[in-house]
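Swiss-Prot has this to say about the protein:
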ACT_SITE  Glu88  active site, proton acceptor
DOMAIN    95-324  domain 'Radical SAM core'
DISULFID  Cys102-Cys335  disulfide bond
BINDING   Cys109, Cys113, Cys116  [4Fe-4S] cluster binding site
BINDING   Gly155, Glu156, Ser186, Ser209, Leu210, His211, Asn290  S-adenosyl-L-methionine binding site
ACT_SITE  Cys335  active site, S-methylcysteine intermediate
Amino acid sequence: MNYSKYETMKQLIADMKLPDYRYEQIIKAIFSQHTSTFEKMSTLPLELKKSLINTFGPSVCCTVPVACQTSGQADKILFSLPDGNRVETVNLHYKKGWESFCISSQCGCGFGCQFCATGTLGHKRNMTADEITDQLLYFHLNGHKLNSISFMGMGEPLANPNLFDALNILNDSSLFGLSQRRITISTIGIIPGIKRLTHEFPQINLAYSLHSPFENQRSELMPVNRSFPLHEVMNALDNHIRHTGRRLFLAYIMLNGVNDSVDHAKALVELLQDRGPWAHLYHVDLIPYNATDKTPRKFASSDKITMKRFRDILHANGISVATRTQFGSDISAACGQLLGEKDV
């Protein structure tokens, strides 16, 4: 079992027979005073500082930024992890100072979706809870507001059991104190993970990467569909809505000549109308495809006319739908473009 740094700090203080308030001083230094190194924690005794540095290293964060790219409203940070693996995190800036963060959960990804650059890397390993949350801690320590978080970076979050430890850390009022409703988890349809999320974090926003209403085509585009078929995932999502009463998001990447036909739109309408009393809580986000030269099969985004036709069919049939605005595609910071392998 991997204990988080916060649990390890508590144990270290207990082992040194120091009073409990020393832990509270560390947490205050990190989350209230934005102190990024243990050496600068002026309220701590020297003996404790040395022990913290020996255990964790000089920095509070285990993620080390090695490169940054900026384009308009998007910043992409390449982080190095303690074992040398690298992941990417995206910071999106909106009007009135709102900041959103797209974070990674795995080094690489083993699911091989045909249109996704990350999937070409294969699965290297799961990120630890500290590595997941330290992506955000880095930004917090540098004065950013963590207004909303999405697990839409590298990897499939629900395939990493450490995700749930990370969510507990993010939700802990003494640490990050993030409301569940400010967190979104995107999944390709890992049913055991969906069920666990339903019961442990019912207020977290859930987004399902759909991309085709047809089982055979979805299996071709997303091999995970052979293990977790669309119809079985939809049943799990119905149960999630039944249990939580929360809106559920369906992501649909628009691929020119692949999944953007009238037949696809009509099949999607039928799929959602079959949800019965839960149909009104499904919302479809149509996403222009972000081109990448990393995938063996090449795709292009549907044009605006085709996307409007698709959206109009859904809307005319009472389906909640919107076309999502994308940021950062010119620096490979948009959905499906993250690689984390090279200096950016």
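We count from 1, first residue shown onward.
Just so it is clear, glycine is given a Cβ too, placed from its N, Cα and C backbone atoms.
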Glu156 (S-adenosyl-L-methionine binding site) CB neighbourhood, other CB atoms within 10 A: 26
Asn290 (S-adenosyl-L-methionine binding site), number of other Cβ atoms within 10 Å: 21
Nearest of the recorded positions (Glu88, Cys102, Cys109, Cys116) to Ser186 (S-adenosyl-L-methionine binding site), judged by Cα-Cα distance: Cys102
From recorded positions Glu88, Cys109, Cys113, Cys116, the one whose Cα lies nearest Leu210 (S-adenosyl-L-methionine binding site): Cys113
Recorded positions compared (Cys102, Gly155, Ser209) - the one with the fewest other Cβ atoms within 10 Å: Ser209
Glu88, Gly155, Glu156, Asn290 filtered to the recorded positions whose C-alpha is within 10 Å of Cys102 (disulfide bond): Glu88
Distant-in-sequence Cβ neighbours of Cys109 ([4Fe-4S] cluster binding site), under 8 Å, six or more positions away: Cys116, Thr118, Gly119, Leu121, Gly122, His123, Met154, Gly155, Glu156
Count of other CB atoms lying within 10 Å of the CB belonging to Ser186 (S-adenosyl-L-methionine binding site): 21
Binding-site residues: Cys113, Cys116, Leu210 - member with fewest neighbouring CB atoms within 10 Å: Cys113
Diameter of the S-adenosyl-L-methionine binding set by C-alpha atoms, the set being Gly155, Glu156, Ser186, Ser209, Leu210, His211, Asn290, in angstrom: 18
Cβ neighbour count (within 10 Å, all chains shown) around His211 (S-adenosyl-L-methionine binding site): 26
